[in-house]
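Take a look at the structure set out below.
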Amino acid sequence: MEVKTSLLDNMIGVGDMVLLEPLSEDSFLDNLKKRFDHSEIYTYIGSVVISMNPYRSLPIYTPEKVEEYRNRNFYELSPHIYALADEAYRSLRDQDKDQCILITGESGAGKTEASKLVMSYVAAVCGKGHEVNKVKEQLLQSNPVLEAFGNAKTVRNDNSSRFGKYMDIEFDFKGDPLGGVISNYLLEKSRVVKQPRGERNFHVFYQLLSGASDDTLRKLKLDRDFSKYNYLSLDSAAVNGLDDAANFRTVRNAMQIVGFMEDEVQSVLELVAAVLKLGNIEFKPESRCNGTDESRVKDKNDLKEMCELLGIEQSVLERAFSYRTVEAKMEKVSTTLNVAQAYYARDALAKNLYSRLFSWLVTRINESIQAQTKARHKVMGVLDIYGFEIFEDNSFEQFIINYCNEKLQQIFIELTLREEQEEYVREGIEWTNIEYFNNAIICDLIENNQNGILAMLDEECLRPGTVTDETFLDKLNTICADHQHFESRLNKNSKFLNDHSLPHNCFRIQHYAGKVLYRVEGFVDKNNDLLYRDLSQAMYKANHSLIKQLFPEGNPAKVNLKRPPTAGFQFRASVGTLMRNLQTKNPNYIRCIKPNDKKASHIFTDSLVCHQVRYLGLMENVRVRRAGYAFRQPYEPCLERYKMLCKRTWPHWKGPARDGVEVLMADLQIPAEEIAYGRSKIFIRNPRTLFFLEEKRKQCLQDLATLIQKIYRGWKCRTHFLLMKKSQIVVAAWYRRYAQQKKYRNIKSATTVVQSYTRGWQARKLLRELKYQKRCEEAVTTIAAFWHGTQARLELRRLKQEARNKHAVTVIWAYWQGTKARRELRQLKEEARNKHAVSVIWAGWQGTKARRELRRLKEEARRKHAVALIWAYWQGLKVRREYRKFFRANAGKKIYDFTIQRIIQKYFLGLKSNMPSMSPIDKKWPARPYSFLDGVHTELRKIFHHWRCKKYRDQFTEEKKAVYEEKLEASEIFKGKKALYPSSVSQPFKGDYLEISKNPKYQKLNSAVDEKVLLADVVNKINRANGKGTPRIFLLTKKNFVLADQKTGQVKASIPLPDVTSVSVSTQKDGFFALKLKEGSASAVKGDFLLSSEHLIEIITKLHRIGATAADREKLKVDISDEFLVQFKQDKVCVKFIQSSPKNGNSVSCKRKNNRLLEVSVPTSP
C-alpha cells in the first residue's frame, strides 16, 4: 500500500515560506539556514521554488526520485525542483497550457544546473521511441556546446553563464518533445578582449588548446602554450576540477549529435583560432609628412597566419587597421587611425567576430533541433538569465542586466497577482485588491521612448557634434532631475549636493531590489558598439565560407549608410519580445541563491543571502502571496489529514468532502473570518490557524498512537499466552513419546549384548578346535617337504658335477679348433698378398703399352689432317687462279647485296603467306627470322595495324561513328573511377528510350520542345525531405534539359545548359547524380537537382560531349566522390554514399539522417 506524505510531515523548518510565522527578514533567513544545514536546499513560496546552491553533490536527483515526484501533487511531497518541473509538464500535457520556467539568481547561484535538472526531468518523464530519444538527446546536447562558447570561469563561479538563454521546447499532443528554439541575450563579448583579475576567457579557447590533437593545432596554426596569446589570462588558466581536454572531446561529440557537419566544425574552430591570433596583433606609431600619426602592424606573422585561416588578403586587413573610410551621401573621406584607435578597431573586430559566431551557433543549433512538422505545438519555455547585479563598479552591462530584472520583476508581480485572482474567481471567493510596490515607474524611467534613460542614451549617440559620457550625464541631470527614483549629485535637486557617497561622474537608480550606483564612463561607447565599415568589408572579402555569413553588411553591393541600431535599442527590443512571449504562457519560478562566496559546502553567509533575498524580492513575493489567504488545500486531502480531530468525521466520513470539512471546522470552533470555502478547496487566511490544526493533529495522533499501542499490547499478550499453552501440550506429548522410545531402545540394546556374548563364546570354542586340527595337518606337510627337499638337493649336486666335467672337455676342444683356424687364416692371407702384387705389376705394364699406342695414333691422325688441309688450300688456290679472270674487283659487295635481297624477298614472301586477320583486336604477328630485321619487323606491324584499323573505320556510318566516340568519351570520364562503368560498356547508347517522337502519349511534350531531342529517359527526382524519388521524364537537347511529369507530360523545369556548372556522382554502382547550377542564375532559385537513372553513364557522357563541342561555354566538370554537397534552396545538404549488406534485395536506398545529411546505401556485390 502506498503511503501518502505531505509538505507538512517531517518538516525541517517551514517548507513553504507563506506559512512562516512570524514573517520577518530574520525569520526568513533563519528558516533558510535551518533547512540548508539539513541539506534541504529547496523551499517554496507558494508555487515559487527557492534553490540554494549546495556546492556539492546530493543524492536527490536519482531515477528513483524522478519516479517519486512523477504525477504527484505539487504540495504532496517535500519541496523539490522536480515537483515544479512535473507540475509544469502535466499542465502542458493535460491542460494544453503553454508553460515557462523563469530561473533567476546571481552568478554562481546554480541557474545553469537548475535549467539542466528541469530539462533532464522532462526528458525522463516524457515518451520513448527512436525519434523522441533523438530529439531529447539533441536538446540535452545543445547545452555543452553553448556552455563552451558562452560560459567562463569568474571569481564567483567556475562555470558562469555570460549570456542569457531562453529555450522553447516544443511538444506534440501526447507530450513528446518535437524540437526546440533557443534565444540568446546580451553575450558578454567584452570578456573576449579583457578579463578581470582571477577570471578566464570563454571556455572554448582553453578547451581547444588543451584538447585538440597536434595535427588540428598545426592546421589552425596554434600552440598549446596559453602564455602566447594576449587575450587569455594566465593567473586563472588552470581551474581545479575542470578538465578542458575532456570537455573539448565532449563538445566535439555534442556538436556531432546536434547535427554539425565536419566542415562546419572546422570552420568554427578556424574562427576561434583567428580570434586568438587577432589578440596578438600589435601596432606601432609612424609619423606622416603632414604631422599626423599613423598606426602600423609591428610583427606581421600573426596577421599573416590569421589571414591564411580566414582566406583574406593580408594587405586588405592591414589597411583596414590603419585607415577608416567615412561615407556621407556621395562623398567618401579616408582618415588614418592612430595606435589607440587601431587597438580599439582590433578589439572591436574580435568582439564582433566572436559575438556573431556565437549567434550563428545558436541559429545553427535551432536549425537542427527545430520541430519538423508545421502543426501547432505545445511549448515549455526555460529562461536562464542573469540575476540582479550590484558591484562596486557598475557600468553599462549591469545597467542593462538590472533593467531586464526590473521587467522580470514587473511581469512576476503581474502574473502572480493574476494567478491569485484567477484561482479566487475559479473557486468563487471574493477578490480583494492587494497593495504592493509597482515597479512600472522604474521601468518607465529606463525605457520611456521620450524621456527614458535608454532613449536619451540613443539620442546622445546619434547626435552630431562632440558626444561624451559627461554630456550624456548632463542630459540625464536635466531631464530626470525630478524623478523620485533617480539620484545624481549634479542635478537640480539640492539634497544630493553634499552626498559624498555619490561621485560626480555617477548616477544612482533606486531599483526594486535596492539602490545601485552606475559609473557613466563607457556608456556611450558600449551603446554604440561600432565596427568600422572598412573592417566589415575586409571580412566580407574573405574566402572563408562562414565569414561572409557573419558580416553581410560588408557587401559593397548592399552598402547601407544608416547607423546600425545601438546595443541598448537591440536589448530593449529583445526584452520586449521576451516579455510578450512570457505573457502568453503560464509562469513557473525558480529563485537561485548562493549561500557563500567561497564556493564551499556547509557555509551559510547571512549577509550575502540577505542581500540576494532583497534584490530577488522574495519578501515582497511572500507578502503578495499572504495578502489574501495564506494556505489553500482541496477538500479531500484536508479531510483525510484532519478527520481525527472530530468524532463525527472519525474514522470515516460518509458524504461529500466539503460537508465533512465544514463539520470539522465548526467542531473545532475556527472563526468564520479565518476560512473560506471554495468550490473545490478550503482557504485559510492566517498561518496561525494552520499551525493550530497541525498542533491539534499532532496531539490527536499521540492519543491515537497510545490507544493503538494499548490494544496492540493486549492482543500481543493474549496471543503469546495461547501460543505458550498450545506449545506446552505439544512439548508434553513429544516428551512422553521420546521417553517410551528411549526405554524400548535400552531393553533392545541389553538383549543384543547378551546374545552377542553367547554367540562369541561358541564361536571361539569352535575356532580353537579348528586351529588345532589345522596345526596337525601343517606339521605332516612340513616334515614331508623337508624330506623331499633334502633328496632334491643331493640329486642336484650330482647333476652339477657331471655338467662341470662335460664343460671342461668342450672348452679345451674349442681352444684347439680356434688355434687351427688362425693358422690357416694367416697362410691364406700370405697367398693373397702374393697374387695381388702380380696383378698390380701386370696392370701397370698394360697401361704403359696402351699410352704408347695412343700417342702413336694421335701423331698419325695429325699428319693426315695436315695433308688434307694443305690439299684443300691448294685446290682453292687453283680455282681462284682459274676463275679470277671472270670476276671484277667489287664482286664481294655485289654478292653481299644479292644475298641480302634474297633474304628480304624470302622474308616478305613468308610474311605474305602468314598475314594475321583483319580484326583490329587480333594481336597475332609472325616471328622475325633474322635479328637485323627487328626494327623493320616492328614498324611493319604498326603500319599493318593502323591500316586495318582505318579499313575497319571506313565501314562505319556517321551514326555508328558518333556512338563509338561517345563510348570512348565515357571511357575517358568513368573508366577506373565509377564501379557502374564496366556493366555499361556492352550496352549501346540508344538516346531516345521513350520514342518520344512516335509515342502519341508524349505528343504534347514533344511539341513543347523546339529542338532535336538527344536523349529521353525516365529518371527519379530525389526529395530532400525524405530521400524518396519521384518519376520524371528527362529530355536533353543541345541547349536545354527538361524535367516533365511522367503521367501528364507537363513541363516541371527547363534549364539552359550554360547554367549547369558541374555534375557530381559517386564511385559506386548506383545511378545517383547531382546537376549543380550556377549561383545567382534564375535557374538556381530552387537549388540543384539530385536525380537517379539507370542510364547514368549515357546521360553524363552526352552532357559532357555537348559542353565540349560548344564554343560559347566552358567544359562541363564531372566530380566523382562518395560525399558531395547539394544546394537545396538556401541550405546545403551533404549526400553521402555508404556500402551496406544486401538485406532487402539489391536496390539502392536513400534516407534523410538530419536536416543536413542524405545517406545513400548501396548494396555490396556478393
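We count from 1, first residue shown onward.
Including glycine, each Cβ sits where the backbone N, Cα and C put it.
Positions annotated as ATP binding site by TrEMBL: Gly105, Glu106, Ser107, Gly108, Ala109, Gly110, Lys111, Thr112. Under the heading domain 'Myosin motor', TrEMBL lists 12-698. The domain 'TH1' feature in TrEMBL is assigned to 978-1164. Look at TrEMBL and you will find 575-597 tagged as region 'Actin-binding'.
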*Starting from the Cβ of Thr112 (ATP binding site), draw a 10 Å sphere and report how many other Cβ atoms land inside it.*
22
_Taking only the residues in the region 'Actin-binding' (575-597), give me the average pLDDT of this model._
86
*In sequence order, what residues of the same chain, 6+ apart, have a Cβ less than 8 Å from the Cβ of Gly110 (ATP binding site)?*
Ser51, Asn53, Cys592, Lys594
*In the structure shown, which of the binding-site residues Ser107, Gly108 has the fewest Cβ neighbours within 10 Å?*
Ser107
*From the centroid of the CB atoms of Gly105, Glu106, Ser107, Gly108, Ala109, Gly110, Lys111, Thr112, the recorded ATP site, which same-chain residues not already listed sit within 8 A by their CB, in sequence order?*
Asn53, Asn157, Ser160, Ser161, Gly387, Cys592, Lys594
*Name the residues of the same chain, 6+ apart in sequence, whose Cβ is under 8 Å from the Cβ of Lys111 (ATP binding site)?*
Ile103, Thr104, Gly105, Ser161, Asp384, Ile385, Gly387, Cys592
*Can you count helix, strand and coil residues in the region 'Actin-binding' (575-597) using DSSP?*
9 helix, 8 strand, 6 coil
*Cβ packing number for Ala109 (ATP binding site), 10 Å threshold*: 24
*Tertiary neighbours of Glu106 (ATP binding site) (same chain, Cβ under 8 Å, six or more apart)*: Arg156, Tyr386, Gly387, Phe388, Glu389, Cys592, Lys594, Gln612
